[in-house]
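TrEMBL has this to say about the protein:
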type	residues	note
DOMAIN	101-282	domain 'Malic enzyme N-terminal'
ACT_SITE	TYR124	active site, proton donor
BINDING	ARG177, ASN432, ASN476	(S)-malate binding site
ACT_SITE	LYS195	active site, proton acceptor
BINDING	GLU267, ASP268, ASP291	divalent metal cation binding site
DOMAIN	292-545	domain 'Malic enzyme NAD-binding'
Amino acid sequence: MKSTLKEIGDGVQDINGEHRATEKQLVTPRTSSVASGYSLLRDPRHNKGLAFTEKERDAHHLRGLLPPAVASQQLQEKKLMQNIRQYQLPLQKFIAMIELQERNERLFYKLLIENVTELLPIVYTPTVGEACQKYGSIFRRPQGLYISLKEKGKIVEVLKNWPQKSIQVIVVTDGERILGLGDLGCQGMGISVGKLSLYAALGGVRPSACLPIAIDVGTNNEKLLNDEFYIGLKQRRATGKEYYDLLHEFMMAVKQNYGEKVLIQFEDFANHNAFELLAKYRTYHPVFNDDIQGTASVVLAGVVSALKLIGGTLADHTFLFLGAGEAGTGIAELIAYEVSKQTNVPIEETRKKIWLVDSKGLIVRSRKDSLPHFKKPWAHEHQPVKDLLSAVKAIKPTVLIGSSGVGRTFTKEVVEAMSSINQKPLIMALSNPTSQSECTAEEAYTWSKGRAIFASGSPFDPFKYKGKTFVPGQANNAYIFPGFGLGILISGAVRVHDDMLLAAAEALAAQVSKENYDKGLIYPPFTNIRKISAHIAANVAAKAYELGLATHRPRPADLVKYAESSMYSPVY
């Protein structure tokens, strides 16, 4: 029988995978070897476990390899959710999900899509942070590629070792700044795997088109260096020319192996490398830094959405940030850029209503000579201010945004000061994981006497204050990057432009309903995430066509429908 491998599994009919993100799934492959039945059960892409029908068990030599019962995918899902809910610890649930992904990929994604609100905090932040910290202990089998200094000069060959050849999205980290947890070395692989799981589940990008990568240049984490179970290079981090030469070889190898249009997402690089890598490669390759650009887009969406609750236009508000790293400066720049486009005022002027506080206090002009380049645009004329509370009192912001990675820094005094200045202060505590959040939802609502509009990076439960239930919003990057990536793919965009980030934010803000606003929410519920991702993808693709960056012709008449039809489906 002729092989149907080009038509099955995750639905790849175009084996080059370039004209769309996914195709509808067809049938389980008819394998050519008599011994393939056993191998099929160990192939996570095609394994269905007890859901193989009687006919399939005969066709694929599975008789005797499975118990006689035939279960539907829905029944499998019910059983697995029962099992997962029995675990007490989030890390146990994470491990159970990873084991499922390695055993039955389609069931993993079906479970995640159908139970996204419950499982997103397990496969992504905050649990993925703990998983990265303990990745050496829970490592079972490779889920991505490890490229270390040992592979210098051989990265093209290393990429060829990955079994899938039609790669469309790569998430790469060097593990130096994982969430708010610091340098985790090659154990940062967990964040690359987690992000790409969401590209597939939430954005509908084919799993076989996704490649997680950890670049291992060493670690400066003493605990890991002294850990006998650490799985990475046991040496201090390479820096300078040695570091950038390896990264450049990686970028050139990706282009050589996978072509000009593969989207590369830089993930959790330290500030001093993140900005330089983005600036260096964005002019000639589609690259995206989720910490700088994805965070900025999702926060801008929340702020634009919140205007319906707090009033005014974007240009009317004054912003104060705690944290001036990748996330803080990235958000600030995108807000300034959007205000500039709305008002036709130069961005140098719109930046002046945005203030940043770092570990040394308010960023002001008198500090400019000692600042790194990415902080200099925010050094405005003002006398020095040493702490956040004093900055709030001096600047009188209407919006307070935390991206410091330091927990409990929005103190009672800070929230009360914001509430004395504003009838409805917008407070966004964005740092992950939960332990690093600048304040909790309960604290924000209690200290503001129920007046704050609150959103956070990690999830918080609804909170009841004086008889009213407040549902905190989650400014989660998972709203943006899956749909954003899908938009890049369906348009064939050859570059990532800042206007595409604005388009993503606009699409997300438009998905917030009156019912959501009535609960104090400034983001739509994650239960609608695939619909949201389709709208984001369509808006991003439309902007790519408008800017002349799209290569897939002709442009689809209805980009939303095209995005939806291009989404990977994990249904058997």
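Placement of Cβ uses the backbone N, Cα and C atoms for every residue, glycine included.
Unlike curated entries, TrEMBL annotations are predicted automatically.
When the CA atoms are compared, the recorded positions lying within 10 A of TYR124 (active site, proton donor) are LYS195, out of the candidates LYS195, GLU267, ASP268. For ASP268 (divalent metal cation binding site), the nearest neighbour among the recorded positions ARG177, LYS195, ASN432, ASN476, judged by Cα separation, is ARG177. The most crowded of the binding-site residues listed here (ASP268, ASP291) is ASP268, judged by how many other CB atoms sit within 10 Å of its own CB. For the domain 'Malic enzyme NAD-binding' (292-545), the mean pLDDT of the prediction comes to 96.
Close to LYS195 (active site, proton acceptor), meaning Cα to Cα within 10 A, are the following binding-site residues out of GLU267, ASP291, ASN476: GLU267. Close to the recorded divalent metal cation site, the chain also has THR173, ARG177, ILE178, ILE191, PHE266, PHE269, ALA274, ASN289, ASP290, GLU326: residues not among GLU267, ASP268, ASP291 whose Cβ is within 8 Å of the site's Cβ mean position. The two recorded residues, GLU267 (divalent metal cation binding site) and ARG177 ((S)-malate binding site), show a Cα separation of 9 Å.
Counted over every protein chain shown, other Cβ atoms within 10 Å are most numerous around LYS195 among the recorded positions ARG177, LYS195. For the pair ASN476 ((S)-malate binding site) and ASP291 (divalent metal cation binding site), the Cα-Cα distance reads 11 Å. The binding residues for (S)-malate are recorded as ARG177, ASN432, ASN476; their greatest pairwise CA distance is 18 Å. ASN432 ((S)-malate binding site) counts 24 other C-beta atoms within 10 Å of its own C-beta, drawing on all protein chains shown. Separating the Cα atoms of ASN432 ((S)-malate binding site) and ASP291 (divalent metal cation binding site) is a whole-number distance of 11 Å. ASP291 (divalent metal cation binding site) and ARG177 ((S)-malate binding site) are 10 Å apart (CA-CA, integer value).
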